[in-house]
Amino acid sequence: MTSTEELRDRVAAQLTRARARSVALTDAVDDDDLVRQHSKLMSPLVWDLAHIGNQEELWLVRDVGGREPVRADIDELYDAFKHARAVRPELPLLGPAEARRYVGEVRDKVFDVLERVPLEGDRLVDGGFAFGMIVQHEQQHDETMLATHQLRVGPPVLHAPPPPAGGPVGPAEVLVPGGPFTMGTSTEAWALDNERPAHQAFTRPFFIDTAPVTNRAYAEFIADGGYTDPRWWSEAGWAHARKASLEAPRFWLREGDRWYRQAFGAVAPLVDDQPVVHVCYYEAEAYARWAGKRLPTEVEWEKAARFDPATGRSRRYPWGDEEPTEAHANLGQRHLSPAPVGAYPAGASPLGVHQLIGDVWEWTSSDFHGYTGFEVFPYAEYSQVFFGSDYKVLRGGSFGTDPAAVRATFRNWDFPIRRQIFAGFRCARDAAPQELA
Ligand code: AVJ
Ligand code: FE
């Protein structure tokens, strides 16, 4: 049992860590760059910054704290549902200095609220939930801002050491037994509404790759004419690939017969054994079919990540119940690329599946829906309004995701055409009867 004081300290540390990242991402560029739109797909960085503060004000200062608004006049500007990303640069946004002042003022009040509110009883604050939601919200926008940096044109401004070296991952695929397991959670204090409730889910026996698909493997698909052969593509995928003239993952550049990759302002030879990143769902789907496999469903992904066949229990993370450390996974923008396959042996699942958490978000074949028993909490615009067949679920987090913003139950989603996110994939396949020992 952790005391309320300990919980307050942990919340404060998480808030401070998230803010350090937001500051690093926004201080890395000058004011012109902060207000500029680097891609129609993204907001100006200064919008993300003030939006982070505004969400924090709405939930923690006003709702949880019951305090007077800091800036009620700007709620509309920073409501993500009011203005599409493409038009945000034309809004009368707070400038860089004003935005920094605003988020600082909100944060000061939040620390005051944190000292005074009980962190139990009321469902919104129980276990520090509302604070955890806001920490995750800031970290999610920090990943979005990292994606904006990736789209930004100009010399490198972000710097980080390279990821650790790769290593062996055992067989290329492993058998996950069929049967039930516990999916989702009812006990994880900071789990968001779409991860709840814990429920029993079933799979057939299936094989899943022990590692995400690498650049080397993906380049073979390209060299084999993968982008010009409709056999590998779904109808919607092929239509999109033609319309968008897809030829390779986003940010890949070809020179002669060699591939290079542009990342955060620098161009370097493609690293063969790193997971492929910046592919859309349709590309992942086509590769899998070319390879004689398919994408895992979301249920299969979570079973591979959590199910411990020795106990029948579902873990919080592939490696166990402990929070991620640097040894477990490539998370938190410590490195500015996925790590080579086999770089995190300590992070493998009981069945020997590697790098499920971190490195690249993994496309699954599942549409984004609420689990049976889903309840909106605390607002429909976090997930419920996105349920349906427009979005595909991604799992596991990327090198740009903070440990506070991902776990084995965490669900992300995006349109199947999106490539600016740090998304890759791994393959799965049905197990044939004769393959079942
Ligand atoms: C869960 C990553 C899809 O960025 O659109 C941020 C998270 N929700 N602000 C997004 C989110 C509201 C969301 N994703
Ligand atoms: Fe947001």
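A Cβ is built for glycine as well, from the same backbone N, Cα and C atoms used for every other residue.
The structure displayed is predicted, hence computed values, not measured ones.
Same-site candidate for Fe cation binding, as annotated by TrEMBL with H137, H141, chosen from H38, H51, H199, H240: H51.
H51 (Fe cation binding site) sits 15 Å from A86 (gamma-L-glutamyl-L-cysteine binding site), taking the CA atoms of both as reference points. The residues of the domain 'DinB-like' (14-145), classed with DSSP into helix (H, G, I), strand (E, B) and coil, number 89 helix, 0 strand, 43 coil.
Checking the binding-site residues R85, A86, V87, R88, D414, R418 against ligand 2 with a 6 Å cutoff on the Cβ atom leaves no residue at all.
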